[in-house]
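> Okay, handing you the structure first.
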């Protein structure tokens with residue numbers, strides 16, 4: 001459908017014209033991960049033990065922090081109103097918007113994660129499960145974050161509120177994401193867990209856009 | 001086309017309007033009048049479906065507006081206070097997404113329409129480099145591209161210079177003459193060669209019963 | 001059936017009926033709680049494993065269950081509000097959040113106090129305690145969102161959407177925490193250790209406390225909902241009558 | 001039935017007194033809070049409405065007085 005293509009094109013163009021929105025969450029991820037060894041010490045054995053958790057938690061926070069650029073500009077310049085008045089199926093427009101946001105904020109994290117995981121001495125065997133988990137998990141985080149962002153975009157003081165709303169909902173993804181890595185390191189089969197995470201992604205893909213649309217309608221009516 | 005029955009809306013202990021009935025037919029131009037804060041913008045947003053804090057009935061071609069959402073959105077154009085222009089994008093990029101969002105493939109028209117709004121040469125200019133008046137004209141260009149029957153315009157004359165105001169007035173009467181309809185709010189003294197009907201919100205206001 | 005449904009959605013009807021129901025509910029709740037607590041605290045034999053400490057479970061288990069139920073109730077109300085635009089449902093949902101939060105806090109507190117002699121520490125990442133903690137976060141989020149909105153109507157709708165998103169997540173969260181707990185081989189869960197091993201004298205009082213607490217929960221919800229009705233319907237004639245009646249009586253609490 | 005042989009034994013809770021009683025104390029706090037808070041809110045709300053009515057009456061009276069005075073001066 002042409003509206004999906006057009007929306008992807010528009011969002012990616014905007015993202016590449018204001019690269020700060022792409023780079024800042026990445027920089028946050030990079031710096032926050034580097035803080036951990038400084039805080040807990042450089043003991044390789046200990047670092048390798050906490051590596052999956054550290055990478056996942058910082059990736060999760062980075063995704064959440066990147067959400068602000070998803071609807072903020074559109075809300076402020078009125079594009080959101082025009083979007084909601086579009087005769088095209090909103091579900092797909094929103095899906096395209098969120099997907100393009102993931103492409104510029106989530107995907108770079110997935111690509112960068114192995115570098116930082118190996119800096120934290122994550123054993124070789126944990127690398128694929130980490131990346132696979134992030135690849136399936138970060139879109140869920142983006143979708144849920146988009147719901148929270150849509151709910152708070154109309155409010156003037158929304159930064160911390162977003163984290164209060166969204167972080168509890170991120171818990172299952174975190175649990176299974178790190179669980180996948182730890183299971184693999186204990187040589188437990190992870191295909192079932194990946195499938196579970198995949199099922200959660202499908203559920204989020206089906207339901208989150210509906211919640212986002214409802215939330216945007218509320219925010220625009222303010 | 002658009003029929004409003006017994007519309008009622010209140011805000012902050014104040015009735016903005018009550019028992020509001022009117023019907024906009026093809027080829028009619030309506031102006032919503034009222035003092036500042038009388039709810040002109042609220043009424044327009046209710047009519048176009050952005051605000052649902054009201055009671056009463058809004059019918060689009062006989063069907064309730066909420067149920068006829070897709071048809072309604074296709075045939076209605078809404079211009080709000082905000083320009084709905086992304087400043088990082090060029091005029092052409094903004095408008096081509098707009099066309100796609102309305103399911104239109106008339107992208108070759110974008111250039112012609114921009115020219116008719118005196119934006120020749122600005123197609124590929126990022127919008128942050130344009131003046132407020134030029135940005136406004138990009139927003140207004142959507143009006144022609146939308147192929148909508150009913151135009152709902154909230155203060156369309158802001159930020160336009162004298163020439164722009166004149167051109168917009170001509171555009172509005174042309175739209176009405178060719179069977180289109182218009183509902184607008186404005187503080188500007190309209191000089192249109194077309195009969196204008198009006199809704200006075202000040203007369204419909206009141207205090208909420210204690 | 002539908003008539004009943006629409007009656008229930010009328011604030012006036014709710015206010016009148018709940019006012020009539022209140023004395024009965026209060027009496028029943030006091031009786032149940034009184035009997036259950038005295039029985040449970042004083043007249044049951046000690047647990048064969050945990051000694052007298054298990055008596056905390058009489059209040060911990062029902063409060064945790066009610067907190068969970070409260071979230072589901074809030075979600076049902078949110079759905080009713082979004083789908084049928086029943087304002088009454090939103091008022092009840094609004095009342096649910098603080099009540100549910102206090103019950104969650106109660107479950108958490110009693111759980112961790114129970115844990116001190118059992119685990120040697122007040123907090124342990126036990127599956128049930130952890131999911132109760134997350135439940136607390138969800139309630140806080142719902143309340144924070146509502147209070148962040150200036151507009152009552154918009155805040156109500158936004159909260160309803162968030163509640164529904166949360167309720168889809170609750171089972172997933174519970175399941176994930178349980179799974180996570182087994183992965184990390186956490187401590188045994190907090191409950192009446194083994195109902196079958198204990199004589200009925202131990203768990204019969206639990207029913208009394210449980211139903212008593214349920215009654216109390218309903219009272220707390222009704223009290224808050226009634227306040228909300230008086231505030232939102234203040235311009236209707238019947239509320240005006242109630243208000244002026246209470247004025248003539250001085251400080252009426254009827 | 002099991003239970004306790006004396007009241008002091010009941011209070012001691014087999015050495016778990018501090019845990020059991022603090023849990024029940026918090027339980028009572030929560031119960032009281034859930035009743036007391038809405039009651040207080042209701043009282044406050046009624047007071048506020050009463051105050052509003054008083055203000056309205058005072059203002060109406062003041063207005064009346066002013067009008068009377070202007071009427072007196074013109075007549």
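Cβ from N, Cα, C; glycine included.
Taken from TrEMBL, the feature domain 'Cytochrome c assembly protein' applies to C:19-184. Positions annotated as transmembrane segment by TrEMBL: C:21-43, C:63-84, C:96-117, C:129-149, C:161-182, C:202-223.
Quick one: how deep are these features, and who are their neighbours?
Nonlocal intrachain contacts for the transmembrane segment (C:21-43), taken as residues 6+ away from its ends with a CB within less than 8 angstroms of a stretch CB, comprise 55, 58, 201, 204-213, 215-216, 218-219, 222.
Non-local neighbours of the transmembrane segment (C:161-182) in the same chain are 68, 71-72, 74-75, 78-79, 82, 93, 125-127, 130-131, 134-135, 138, 141-142, 145; each lies 6+ residues outside the stretch with a CB under 8 Å from one of its CB atoms.
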> Could you give the residue numbers and ranges of same-chain residues that sit at least 6 residues beyond the transmembrane segment (C:202-223) on either side and whose C-beta is under 8 angstroms from one of its C-beta atoms?
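Non-local partners: 18, 21-22, 25-26, 28-37, 39-40, 43-45, 47, 54, 57-59, 61-63, 65-66, 70, 92, 95-96, 99, 103, 192, 195.
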> Mind looking up the mean pLDDT for the domain 'Cytochrome c assembly protein' (C:19-184) in the predicted model?
90
